[in-house]
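> One structure follows; several queries about it will come next.
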């Protein structure tokens, strides 16, 4: 253990978390207020009793002092006073005072004992502390008791239809319906029951597995995590989604054309996984918990896979057209086609629109996983997925966090005026090269502060940017020269009006992906006419593939890619490491 590093027990951390969760419950607040009121009233009663007790003590003290004065008066008698009279006087006073003192002391002890007993009797009954309702349900809140035996009987009846009561992966669709799960849970159900090892699942193994799930998991999020996670974990990492997505690729009618292009299964699966973590993993930990999955709309989209035959209609995670656009953009930058790009490659994106200082921040490890970006100066295709979505839609929470991490040079959680000026300097240089007079930084800063309206003067926080409706204008001003000029040509009031009244049904990313897809298809159609069937060696998109995306794919390679890329291998990304 490194010096100065303090290890905090995991149990204490969890207890603190549960205590805060309990303390924030409305019922707990009412109980505490009632207890405080009782304690306050009790103190007031004790104070009144103490006042009456003090008056009694004062009277006793006065009597005791009189007796003492009498004794002292006898001791100050003249010397002619004979000792025998002293002996007869003093013994009379001493036993009397001792009896009185002992009686008083005993009275005090008895009264004190009575008060203590009274306090014990008037304490709050233990029922108040025992009736705290359960408030923490990590595996879902049990709403009503499920008839597990009835569900198991239904599953056994379904298995009886299969030979030897054994179900293959193709049969798991019926089993999933018997379990009252969405159709495309069939892959996770099959693999969780051990079907990957034998190629089939027996009724006994499946019933034992599903009974345990029903007894320990009470909502869809907890069940889904249990089916996909590794033993001993309570979260999902990126590799856990591979079997599930591979089954979607193999069986969804909207992806049937990919059966003849298996070398691109891994790239599509990698893209979907990155989009899942981009949207669901709000903690940036690389681990999706039940709570994060519960708060997202991912499981709703999984259920829609059964209802929607057109995979491109599921634009948030599974759209093939979106994958097509992302991969083509990456292929244009990856000149050596090793699935990694360096700083020079990324600088060519969108005709050198991104500033070099921002590119340096991207490669610094602020928003990338693993250590390859810092060691070799390259980012992977998975990192590029995050970059492109964040670049084209700067209004989502994840994209705002992405660019905030890049602009926060010192990592103190705020954007200072120095950091803003650092990025704006390069923008001014680019404007000078274009023979455009740049706006002085002081004037630009005033505009941005009026736009964001930060809570604290002189610094912009992540919360301030998430409250702003024109974060794309803010970020583009400091590191995207092309989009900055586009915003300058627009009326500011019209931008504010568009930002306030903009429909949330279609995001900026969906608009960009639809436009780029149409452009790519049109370019390939024009290229096909001019080349008359000539296929460019390094062109990832051909006219055959454009028709493929319209579900008329011919049987030949999609992109000119080595066949060894067909294997899904996510080991190139160090997913277990948190973002620094």
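Glycine too: its Cβ is placed from the backbone N, Cα and C atoms.
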> Which stretch, out of 24-45, 46-67, 134-155, is listed as region 'Disordered' by TrEMBL?
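It is 46-67 that TrEMBL annotates as region 'Disordered'.
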> Sequence-remote contacts (6 or more beyond its ends) of the domain 'EF-hand' (395-430), Cβ cut-off under 8 Å?
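For the domain 'EF-hand' (395-430), the list is 278-279, 282, 284, 355-358, 361-362, 366-367, 386, 389, 438, 441, 444-445, 448, 458-462, 465-466, 469, 471-472, 475, 477-479, 481, 484, 507-509, 579.
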> Would you list the DSSP helix, strand and coil counts for the residues of the domain 'EF-hand' (395-430)?
25 helix, 3 strand, 8 coil
